[in-house]
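Worksheet for the structure shown next.
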Amino acid sequence: WLWSCRSYIMRYIIQFADQKQEFNKRPTKIGRRSLSRSISQSSTDSYGSAASYTDSSDDETSPRDKQQKNSKGNGDFCIKNIKQADFGRREIEIAEQEMPALMALRKRAQGEKPLAGAKVVGCTHITAQTASTCESAVLMETLTALGAQCRWAACNIYSTQNEVAAALAEGGFSVFAWKGESEDDFWWCIDRCVNLEGWQPNMILDDGGDLTHWIYKKYPNMFKKIKGIVEESVTGVHRLYQLSKAGKLCVPAMNVNDSVTKQKFDNLYCCRESILDGLKRTTDVMFGGKQVMVCGYGEVGKGCCAALKAMGSIVYVTEIDPICALQACMDGFRLVKLNEVIRQVDIVITCTGNKNVVVREYLDRMKNGCIVCNMGHSNTEIDVASLRTPELTWERVRSQVDHVIWPDGKRIVLLAEGRLLNLSCSTVPTFVLSITATTQALALIELYNAPEGRYKQDVYLLPKKMDEYVASLHLPTFDAHLTELSDEQAKYLGLNKNGPFKPNYYR
């Protein structure tokens with residue numbers, strides 16, 4: 001028996017040696033373009049990146065300087081590398097499996113085109129699935145299936161999946177986005193989307209308000225033909241309300257951010273998972289026993305706090321709203337001011353949607369090795385500009401991770417240069433964001449098809465009936481079965497048996 005085992009082991013060793021010798025004959029300089037990637041390589045690549053297949057070739061040429069065409073000869077796009085299209089298509093196919101509501105909309109629209117004639121200009125995240133947010137790729141193809149024409153730019157300079165942008169460009173979409181854009185590139189891409197001779201957008205889909213701002217600033221006459229704006233972020237919605245209050249809002253706008261399906265699912269459940277993922281990918285930090293400061297206890301803050309508490313972290317919360325503050329206290333978190341604990345916390349996370357939440361004064365007082373990141377909006381919450389001074393040294397550790405070093409040797413770990421952690425450094429559950437993407441699609445359909453006079457030049461919430469419809473489209477995934485009211489019960493509650501079940505002011 002022992003001799004048989006020895007013979008088997010020897011045959012295995014010889015076979016392994018032969019395989020190793022054959023492997024060593026292969027070219028040693030193999031980039032990440034390779035069709036087959038080992039498990040260990042995939043794991044290594046994902047750290048410090050947005051879990052996206054990203055070309056690591058030495059080509060540093062700006063996409064703006066390249067002349068690229070897809071297989072049909074169309075060149076109305078600007079992306080990193082059209083050759084990555086096949087990889088992006090596979091990722092989009094994975095995402096479609098986790099976005100049941102959008103796929104259901106496509107099936108139901110086979111006989112009708114509710115967006116026929118719509119020309120949608122969009123500025124969201126150019127992604128497909130869990131590598132970042134999951135909306136745009138499947139959403140864009142759904143809008144096209146519903147009859148719309150689309151032109152798209154990215155709303156975040158770090159969140160674009162280059163391979164997904166390539167797949168969209170190969171599919172005929174006018175996409176202007178790549179991972180790692182400069183600020184100048186960012187605005188150039190938006191302008192290319194908007195400014196095309198012979199093409200006039202009549203719908204805007206925005207995330208953050210930058211696209212809307214650019215059209216107001218550069219092409220205000222376009223609003224004569226634009227039917228409406230759909231905005232999904234808290235900052236973008238805030239800008240729309242400011243325009244409305246000042247009497248400068250030219251068209252109706254739909255506030256998707258404050259829809260129930262966005263607030264309760266995207267903001268809460270999505271961030272509950274992506275905060276841990278982002279921190280692990282970038283820093284490999286152990287959460288148990290760490291003292292964490294979460295600034296803001298809205299839906300995003302609630303998700304972050306719940307995840308960190310479950311991992312054994314000691315969580316502090318700052319809040320300006322007494323209602324949210326009381327919720328934090330009732331959920332077992334200590335409510336403090338930032339200056340009270342800034343010297344002792346190990347991690348600082350901003351979730352407010354505001355500006356200058358963590359300013360230079362607080363950054364100077366942080367302990368050595370403190371991790372600083374943003375889950376709120378854009379790059380305004382952390383005063384990163386104040387750190388770009390001669391006395392401080394910036395040291396790149398890995399993609400999206402920087403050490404900022406003080407003259408005395410103290411350093412903080414800054415993630416994604418203060419931009420959104422979950423969009424720059426982590427994965428985000430596709431299913432949760434399917435809910436938001438479906439909400440956006442229905443909001444576009446509603447504004448585009450609304451009879452004249454239904455919506456004035458103001459900001460509106462999505463009707464609750466649509467909110468509930470979005471939720472119902474996702475229930476079959478869980479094999480869930482809704483209970484139906486009897487006629488007597490519906491009359492007792494004063495409701496229609498088919499809804500809506502909540503008043504319009506419910507959030």
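Placed from the backbone N, Cα and C atoms, the Cβ positions cover glycine too.
What TrEMBL says about this one:
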| type | residues | note |
| --- | --- | --- |
| COMPBIAS | 26-35 | compositional bias 'Basic residues' |
| COMPBIAS | 36-46 | compositional bias 'Low complexity' |
| BINDING | T127, D207, E232, K262, D266 | substrate binding site |
| DOMAIN | 267-428 | domain 'S-adenosyl-L-homocysteine hydrolase NAD binding' |
| BINDING | G298, E299, V300, G301, K302, G303, E319, N422 | NAD(+) binding site |
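Everything TrEMBL records as a feature, shown here on the structure.
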| residue | record | contacts (Cβ under 8 Å, 6+ apart) |
| --- | --- | --- |
| D207 | substrate binding site | C123, T124, H125, C155, E231, E232, S233, G236 |
| K262 | substrate binding site | E232, V256, I435, T436, T439 |
| D266 | substrate binding site | V432, L433, I435, T436 |
| G298 | NAD(+) binding site | N267, C324, C351, T352, G353 |
| E299 | NAD(+) binding site | Q263, K264, N267, L268, C271 |
| V300 | NAD(+) binding site | N267, L268, C271, C351, M375, G376 |
| K302 | NAD(+) binding site | L268, Q327, D331 |
| G303 | NAD(+) binding site | N267, L268, Y269, C270, C271, R272, E273, I275 |
| E319 | NAD(+) binding site | G296, Y297, G301, A325, A328, L335 |
Site diameter for NAD(+), Å, by largest Cα distance between G298, E299, V300, G301, K302, G303, E319, N422: 21
Reported mean pLDDT - the domain 'S-adenosyl-L-homocysteine hydrolase NAD binding' (267-428): 95
